[in-house]
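Residues or ranges marked as domain 'G-protein coupled receptors family 1 profile' in TrEMBL: 73-333. If you look up TrEMBL, you'll see 57-81, 93-118, 130-152, 172-194, 224-244, 282-303, 315-336 marked as transmembrane segment.
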Amino acid sequence: DCPSSGRGMALYASCIILNKIISKELIHLQVQRSMQYCYPSVNRSCVKEMWASEVSVVLYTFSISAVLITVLGNLVVIVSFSHFKQLHTPSNLLVLSLAVADFFVGIFSMPLKLLAIIESCWYFGDMLCFIHIFISFLLTSVSLSNLVFIAVDRYVAVCDPLLYSAKITIPLVGIFILCSWVSSVVYTWAILYFKGMLFTYETENSCIGDCGVMYTELWTMVDLLATFILPCSVMICLYTKIFIVAKRHLKIINALSREMHRTQKNHSNISKRSEGKAAKTLGIVISVFLLCWVPYYFCIIINSYTMTVVPMEIFSIFTCIVYFNSGMNPIIYALFYPWFQKSLKLIITFKICSPASSLISMFAEKK
């Protein structure tokens, strides 16, 4: 207790100040004790985000489900295209390359990133942080370039079907795939070589347990053009052209069906189903691509060209959404085709283990 009167007034004032200092220190110690750190025994450790147990269960359940869907979905595509001889076509080789890239995203990139977000700590060291970011950047670039080549393939198939077999050959598709992987490696290496992005653990104010990157203004624009605006523009233009040509073919089929009175009803129903399926598939392709990538690049633009900084938690979530696009690709490019359901059934029932299973017809025979 501090004296409150007489010659102890000076002592009283000093005592009050001392009490305030002690109170602040006690509060600071209580806050420190209530905070959790990634590495409690290290002075420069990052602060660890604490979740309620129910929230942690939901986050881990959702993350494990997303990883399993990505890995298993793309694995089914890989096994199907690799095993069944009837599926060895140029178009399917592009989808196979896409599935391989997305499979490795699910195996390597997604688990580490989702774990780092939930725990808000990186427990695997700076070297693995560098490798993780490099491979993740490489695989997402490969996925994007494969999507563009798939769009080109489908454009030729729909808009120039008579010359498709002559133009799109297996050797040419092999060149497409090689260009996709090599260009992605070169592009990723160029960003690192020219210091286009800085790893957070290299900064002066970094803490131990952090793993992230920051782009420079120049490379933010370069990356925005190379991995979003150009691929997205090409895909939208090609798929729009495909849809227009498909509509034109529909009008021709309807015109011919009027001359064939006996089969008019059947042709009309088939045409309407084809039109609806094409419109639905193209809409899903473009919508999922944009929904997964727009928020991510929107955050990068804000961080690079404005005074506002997007919270790391929000940016990490949008980064994961980009990864989730790898789990959606097998659904978009495979599950909409009837042969995929047959292939999935043969894989689940282990009928692909039989010697002649690779020669099974994957398409329904026309009657």
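Just so it is clear, glycine is given a Cβ too, placed from its N, Cα and C backbone atoms.
Nonlocal intrachain contacts for the transmembrane segment (57-81), taken as residues 6+ away from its ends with a CB within less than 8 angstroms of a stretch CB, comprise 51, 87-88, 92-93, 95-96, 99-100, 102-103, 105-107, 110-111, 114-115, 118, 323-324, 326-327, 329-331, 333-334, 340, 343-344, 347, 352.
Residues 66, 69-70, 73-74, 76-77, 80, 95, 98-99, 101-102, 105-106, 109-110, 113-114, 116-117, 136, 139-140, 143, 147, 150, 277, 281, 284-285, 288-289, 291-293, 295-296, 298-299, 303 of the same chain, all 6+ positions outside the transmembrane segment (315-336), place their C-beta atoms under 8 angstroms from a C-beta of that stretch. Long-range neighbours of the transmembrane segment (224-244) within the same chain, counting only residues 6 or more positions beyond its ends whose Cβ lies under 8 Å from a Cβ of the stretch, are 140-141, 144-145, 147-148, 151-152, 154-155, 158-159, 187, 278-279, 282, 285-286, 289-290, 293, 297, 300-301.
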